[in-house]
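Notes to accompany the following structure.
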Amino acid sequence: YPLALASIVNDGWSLSSLHCQLSGFLMGLSVIGSVFNITGIAINRYCCICHSLRYNKLYSSTNSLCYVFLIWMLTLVAIVPNLCVGTLQYDPRIYSCTFTQSVSSAYTIAVVVFHFIVPMLVVIFCYLRIWALVLQVRWRVKPDNKPKLKPQDFRNFVTMFVVFVLFAICWAPLNFIGLVVASEPASMAPRIPEWLFVASYYMGYFNSCLNAIIYGLLNQNFRQEYRKIIVSLCTTKMFFVDSSNHVAHRIKRKPSP
């Protein structure tokens, strides 16, 4: 967060209003994009596991590209109204330009409902249906003429389920605060402790750091790639250390004129 660091050093926003709007816009784009992508992945896992016979038709290469395009177009449409309502402002509590919950009660409620609650309900529905199928397979009550649950599909489902749970836990406090503030901005906004808002804000953005850890713990392919990266970095470091030692040794052995 270079801009946040600059704000901390300067004790305030030192760039133009346009930069502030752009910064808040990009941050909002990433957050809403994450919500919609998690929802899209949940629907994908639901179709793959619960409707596997129709999955290849539903998620052909062309259709998959259309789904990705649709998700990001919806994300763009969802974030643009912030520029019209004027909710992207500098918040000195977090030294960042972000969504201001107290500007418009109706808009804040709409954001929380359509950008968090509704997508989370869709994801919960998809994962509950998948878990029901998993339990059927585990207890062998699933008819033999239905599609079977593949181990790889189950592992991918568990990974994305954990990602969703952590996302919901990390972002729920900030959205709950938004609903509280939107209920009565004039009276409720000052009653929210600053430390609570700051903690919930950074807790939400800390979720992005957790994803890499979750993928590494639950996905073998990620673990292998992490191992390659670590080995490569260690090898490169050892190479530079050995080269530096060799050069230093040659300088010491070189006779002085």
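For all residues, glycine too, the Cβ spot is worked out from N, Cα and C.
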Disulphide pairing with C97 per Swiss-Prot - partner from C20, C209, C234:
C20
Same-side flag (membrane), S17 vs R45, source Swiss-Prot:
no
Sequence-remote partners of the transmembrane segment (23-43) [C-beta within less than 8 Å, at least six residues beyond its ends]:
3, 67-68, 71-72, 74-76, 78-79, 82-83, 88-89, 96-99, 115-116, 119, 122-123, 126-127, 160, 163-164, 167, 171, 204, 208
How many neighbouring Cβ atoms, not counting its own, are there within 10 Å of the Cβ of C20 (disulfide bond)?
19
Local confidence of the topological domain 'Extracellular' (86-107) - pLDDT mean:
88
Other C-beta atoms that fall within 10 angstroms of the C-beta of C97 (disulfide bond):
26
